[in-house]
């Protein structure tokens, strides 16, 4: 049984992988006698991760940090300086290649930042975009524009707003959806879209030919 660890910008997620199934878990009460390997994707330092690695070593369990390379299992990285690509972005690309071989995909990870990556024919990473995530967009505007304010009771919708909180919330959603329209204009209007991250489900609900995969980074770890 493998322990999968995803350290993002705001949270650490743990899951167990066994018999083709990924199950999210909490850190407390891990059965280290059943764990044979720890696979880690980390974009930042994390005290809980350090503690977990120490415990793994004490139990003689192998730990592997996923890293970006120029090519991995037939998938090429678009970045000439591949080490500068975030490991989370690389893993969702690998996951897309594993889930849909020889198929072109747009992969969106909508968290603190919203990242978009393009994979052609399941093997060629063409690059991508990074923009502020929906929460970060809203926070940056309300902090810098005195008369712009949010309302937590306003839900997101793909239409124009008729008051300031709606205009803000709907506009930030529209900005994220606009990324998909633009990348489809560049690479094909029918290209499949895979969404993950905290706002991945919301985006998927407004994007044709898309699906939300909550554990896409972890699936990338499994495919690594």
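Glycine too: its Cβ is placed from the backbone N, Cα and C atoms.
Annotated ATP binding in TrEMBL involves 6, 7, 8, 9, 10, 11, 12, 13 plus, out of the candidates 103, 112, 114, 115, the residue 112. Residue 79 (substrate binding site) sits 18 Å from residue 109 (K(+) binding site), taking the Cα positions as reference. Neighbour counts were taken as the number of other C-beta atoms within 10 angstroms of each residue's C-beta; across the binding-site residues 12, 87, the minimum falls on 12. Around residue 8 (ATP binding site), a 10 Å sphere centred on its CB holds 20 further CB atoms from the protein chains shown.
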